[in-house]
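Read through the structure below, which is laid out as structure tokens, and then see the notes.
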Amino acid sequence: MEGTTNKDIGSGSSRPGGEVSVSDEIQRRFMEKKWVWAPSSKEAYVCGFVVKEEGDVLEIDCRGVIVRHKSCEVFRMNPPKFDMVDDLAELSYLNEPGVLHNLRRRYQNGRIYTYSGLFLLAINPYKDLRIYGEKDARKYTLSKKYELEPHIFAVANEAYRLMLSNRENQSILITGESGAGKTENTKRVVEFLAMVGGCKGMEVSIDRQIIDANPILEAFGNAQTVKNDNSSRFGKFIKIKFNGGNICGAHIEKYLLEKSRVTSQNRNERNYHIFYQLLGCDDQMLKKQLFLDGEPKDYRFLKDSRFKIPDVDDAKEFRSLRESMRVLGIGEEEQIGYFKIVSAILHLGNIEFREKDGAAEIANLDVAEKACKLLSIPLAEFIKRLIHPVIKAGNEYVAHSRSREQALKIVDGLSRILYDKMFEGVIDRINMSLDSPHKGNFIGVLDIAGFEIFEKNSFEQLCINYTNEKLQQFFNHHMFILEQEVYRQENIEWDFIDFGLDLQPTIDLIEKSNPIGILSYLDEECVMPMATEKTFLGKLMKNIRDEKFEVDKIRDAFVLNHYAGDVEYTVDDWLSKNKDSHSEALTSLIRASGSELVSRLSLNEEAVKKGFFRTVSQKHKEQLASLMSELRRTNPHFVRCIIPNLEKSGEHLDNGIVLGQLKCNGVLEGIRISRQGFPSRMGHREFVQRYRIMMKEKILVDESWDEGVCMELYKEIGGKILSEIGISTSQYRLGRTKVFFRQGVLADIEDMRDVKVSEVVKEIQALIRRRLAFRKYNQAQRRMQGILVIQRNGRICCDLQRWNWWRLYLKIKPLLDVRKRDGEMKEKEAMIQEYARMLDAEKSRREEVEDMLKAMSLKRELLEKSVEDEKRFSMEKDELLMALRYKSDETAQELEKARKEVFDGHEERKMWETRVNEVAIQLEEKDSEILRLRREVSEQKGALSQQEKEICSLREEVVSKLSEKDAMVEKMLRERDSEVQALKEKVKEKDAEVERILEGMKRMEREGEERNRMLKENESTIDELRTRCLNMKRWKDEYAELREDYEALQKKLKDEVEDMQVENDRLHNEIRKISKEREELGRMQKKLLDDLEFERNRGSKLEKAFQELRGEYEAVEGQLQKERQFRDSTQESLLEKTRGLERRVKSLNEKLRREEMANRQLMSEKDEMYREIHVLQQSKLDEIFDREAGFNSIKKNLQMEIQRLEMENQRLSVDLMEAKCMGEASEESISATERFCGMLEEERKKRKEIEYQASEHENRNVILSSEVEMLREMVEMERRSKEEVIRGHEKETGLCKAIAGVRKEVEDLGNEIDMAIEGFNGMYLNVLDGYKRDLKECKEQVMSKEQVIEELNGRIVRLGREVEERKEIEEEMSRKVHGLMKQYNGVMNDFSLLSTKCSSLERTVSEKEEEIKGYSERCSEYDKRFEGLVCRVDEEIENLRRSDEERRRCVEKLESGLNGSIAGIRKLDERYKARIEECAQSVLDGERRKLKAMEELCEQLSKKLGELEEEHQGLLDEKMKGLLRIEQLEGELCAFRESEVHRQDMISMYESEISTLKRCTRFKDEVLGSLSGERNPVVVHVSDKEKCQVLDRKRMTVEHELARANDERQSLMAINKKLREEVEKLRGEIDAGRSKMLEMKKKLGCQSLAVGHLSRELEEEREMVRFFRTLGGARKKKV
């Protein structure tokens, strides 16, 4: 069942109310059986269906296993539509397995948030779901809580919105176990509120400070646990304050810090993060200052913990911590103060004790001394108060000794309280930074541990569970009060029930003081002498009599009944934990610390009255009471976080773990409380719109009705719907704005709606199926008509393919472009040679610059070494001074200590006096030594000043030398510029494209000059050297990037050149294809026009027939059924005719085969006669050639005669249509226009394609230009930064006098400056070495590239040799071709010998010569007419060129007018054809004996035809106007054919069209002859309709072709120009040396292409030879 009800509906879409739309099949399968949830030991619950019911026992099939359970142990399963609902309160059956199943489905689909009544459940995903971005946050700010998916942002936005609208404080309570995601959700809430209410324009905004407070809290308050790598070990309540809608401040309160973690942790856990971050930081000076020289394993408080967290860098986190402190205004000194306390705690833990005479003694005083120095307390006093404390006994103070164990406990207690107070101090400091004087509303975020039930629960768990008990009581009270308030506002009858005291007995049992509760008894035992945990447990057992409390004597524990279950608490160490004991003597010592920060840690103890003792439980109760009072003054929002599993895996949920947390969080209880009344609700308008389909009567509801005005009307309609579907009034309530339902009622209504919708859907499906059937039938009819048209077009295409002249044209056309390509190849080779010369010059210049750089780097290294020696010497002196100062400090401390001891006793005075004298002598000696050292220091300072002067002189010398080098380099660069300018002038004369490349190179050179000049000017000071080092590093990266860009551009340019070559070939092929299609379309157009003329003639004949059939109109109406039958018979007759034509084609094929057999026989006879006529070969050669010419002329004259006969046939058909001459002329012009329009459209398409390619190239150019611009901006930024450094240096020179006044401050900062310079020198040397290595690598690469170039030159030479060899082979092949021609002549001689035996043919030829002369005269007339046509076309081309501007203005008007005319003509033709077809069908279905009766019908039809003819004539006039405009468009197209090549192409196209028309005319005559016996007008008009449709389609195709051809011609020049510009830009950015390699590769590619062209030409010549052979065979056959 789970597979059917869960997985199948997982893809359903959400519906109102939270349901998921499921298929009818899934719903039906669910309804067939009674599905339930049965308990399981492994999975908690499994799904199954009831097989059998036996009283109270059910047999359930759980995945094929039959189990038996009582009815009270199983739970009903929710329908599939409620899977993955957003709110658990919407479930039809509320139970543990139902809630668990819904949460599991949502978790598996990445939905970790789910509403549960009025609060939000959040399950830890253990992975990044990318649902917390700024885009997601913005989406939730624009929506209300329940409009989008459940999310923590929705809760935060709801709180923010209510705060602004109601002016009421809000709170968000986030609870859950450790590792459930509380801290992460708290961070998300704070980030969301900071984004929504952040202020702009401030230097450090308050929202940024609030966000940066989190790393500080995590460092000092978070630690790694078994369940969580970043677990918060304290509770916090963050109040974010708002002034209006903007954040103005914040305040943080902390609860229940886990102090025991400071001194001990579990094996797989860590201490607080700050300890590991300090030990792992990179700041060695700081660690030295804190005396931290070890690793975590070297410290007692850390050695038993885990040292590292996977994927966490402690050093990086420490840097982030210090940055956050800086943002919050915590200064450097204050930061070090906090770090000193943390370090002191580590050192306190490392103090070792040993037993001596029954008392403890410190074994490692140095560690204790470090801790005391960090805390600024005296070591002796610390040891005294730790080991030998003074206790007041009566009026006297008695000193006693502590044992080793006691001392360790005191140290651990001191460490815990130090950390606790320090953490409080950190939070107070954060609050001081985030404080605001504005008083406004706030949003509080509570992050506190959730309810905990462990195997062993102690005092900490009681405090946590007590806190959650109070929060749960607060939740119950708030939630149900709010729910009942909604009922009151909606005017629903309701008896108010107070649920606020449900948990009060347990709370009183813990906290109440009268009668005494558990915590009160604990406080009482803490102040009683000799009290233990057993006495505490005995008091509880004796005095507490409550059903919620139970004592376990065996295990020293008691059981307490909480809202989430019974919890057993063990009382081990409760007294010590509640006392939180520590040494008052040590606390007072810390209060007297010399460090202000340390002394402030215990100031709060001074405010406590003497003798007043406050336990941990009392403090916690006070804090919790304050928190609860704070929450009661706010409007709360609840978030419960849940751990899915213990493996930290985001793949599955552990049912047992999740159920346990649901119980602890009180999820089910909360849902049940929210469902006591009417949990399901829906607005009246929404309810009516969704469920009005269930009404029997139609309800007219206008969507534009205002909901507020028509609320009563919606309410009334909703009541009618509920009463009509049979819902009892006890199951719902009609409120003022909403309708409320009991549990499960809305699910039942939804089921009824699904049934109704399924019925309606079935009716709709039936209608759709009927419509689809009709559509399918109509498509079959149209498909049959299309098949007929395709058959006819296919036959015409086959005829064209068999035409020999067309084949010859296709073979010869590619040979015309070979000569152009040779010229282009020569130009490219010249460019390659020029670039090679430029590359050589650039290489020589580069080598000179590299030599200069080497010399400069050597001098710089010497200077740096000298500076480094001086710095080392000064550092040694400073260290010596520090040692002397340290000794003097120690001496002073000893002196002070001695002076104090003098006044302690009279008996030791003499001894101390002698010791004082000794010390005085030592002091004098040390004073003298100090004076001596001071003199040495002064001498060293003098030497240091002298060395500084020397360094200044050395710097000046370096600057002068560098300036000389600059001048030399500039001179070389000027010479280089002059050479470049000369090269530019030469290249400019040859090619403008190369000039642009050289200009780009010149710009790059100027930029390089400026960069070098700026760099050398800034090397005068140490700061300039540092800037130079950084710039060199950045330039190194830029060089690497430019090198990568160059390689990418090189590859890209190569690919583009190859693509251009391929594209060029493709364009040539497309041009040939277009010309072929254009000729084919022209022939088809002519044929269609002729067919149309023929059919119009047939139409005129039909008009006469209609006059004879006038009286049969009424009788025809009764013959409709017969007409259908006759239509079918007509189709059958057409099919029979088609079969007859196919048989005729077969017969022609048979005839062709017989002719081929005869040809073979003749060839065999020719071979036999070859030996006989060999003697007569030379004598008859001339005669045979003459006769061959005669035969060709006869053949040509015969063809011309056929054409003349065809033209005469056309004239006769035109004479028959004298009344429609104008119409025919207009139609001819239309066809011509359509042909040119098609050509125009084709040109437009090609132009678009080429423009698209051009746009791609432009995009590439834009990208490259942007990269160049970026590099220029980087150079400009470097220039500005260096100018600023220069200005700063000038200011520094002006401040030299002030430097003398602050010489002492400079000496104090000398150490830091020396360290910085030393680090800079090391970094500079490393970068310089890297730069040298890069230069060396560049040289090696240049050498390798030169070798590659030499190898390429060798390959070029070899290829040249191969080309010469191929040329020789070609010449040899040409000689073979000449030999073949000779053989061909021999064959022709054989033909002449064969003709001597065909005397009868010669006589026939002589008889036909006179006829041929007549034909030749007619052909000459046709030639004259054709020449006149060509002249006319040329004149039209000239006229159209002049009208180019006018065409551009009226092209759009012409197209719109043409489209209108075409549409009108097409409509009229369709009407005309439809009517003609109808009449023709009626006539053909009648019998000949009824002709007289149909005369009236024919008269009426003739009248209608006359009217139609008049309408058609009017439309033809409109066509003529459109055609005049189209002729202008045609002329504009011809304007682009300026060259002689294009004019010759047009002439050849016209010739091919004329010949094609003649062939089409002959084919038409044959078809007309075959169909002349048919008298079926229906066939005529059917073909007329089909031909008109084909004509329209062909016209549109020709228009598209014409437009595309025009666009292609216009865009060829543009794309060529753009490609050239792109190549110029690319070449300008590529290094000259590597460009030579690229050009060599291009040259090789061109040569390979040339070889390919030569091979193709050779193959074409072979094809020509074969063609002439076949032509000779044809001639032989004719002879």
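Each residue, glycine too, has its Cβ placed from N, Cα and C.
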| field | 1-22, 1079-1100 - the one Swiss-Prot records as region 'Disordered' | value | 1-22
| For which of the residue intervals 555-577, 624-646, 1314-1336 does Swiss-Prot record region 'Actin-binding'? | 624-646
| query | Helix, strand, coil residue numbers for the region 'Actin-binding' (624-646) per DSSP? | reply | 9 helix, 8 strand, 6 coil
| note | In all the protein chains shown, the tally of other Cβ atoms within 10 Å of the Cβ of Gly181 (ATP binding site) is 25
| query | Any idea which of the binding-site residues Ser178, Thr183 has the thinnest Cβ neighbourhood at 10 Å? | reply | Ser178
| request: Give me the non-local Cβ neighbours of Gly179 (ATP binding site): same chain, 6+ apart in sequence, Cβ-Cβ under 8 Å, ordered along the sequence. | output: Asn124, Thr225, Lys227, Asn228, Ser231, Ile643, Lys648
| field | DSSP three-state assignment (helix, strand or coil) for Gly176 (ATP binding site) | value | strand
| Neighbour count (Cβ, 10 Å) for Glu177 (ATP binding site) | 24
| request: Give me the mean pLDDT over the coiled coil (823-1644), rounded to a whole number. | output: 60
| request: For Ala180 (ATP binding site), list the number of other Cβ atoms lying within 10 Å of its Cβ atom. | output: 26
| Chain-mates of Gly176, Glu177, Ser178, Gly179, Ala180, Gly181, Lys182, Thr183 with C-beta within 8 Å of site centroid, ATP | Asn124, Lys227, Asn228, Ser231, Gly450, Cys641, Ile643
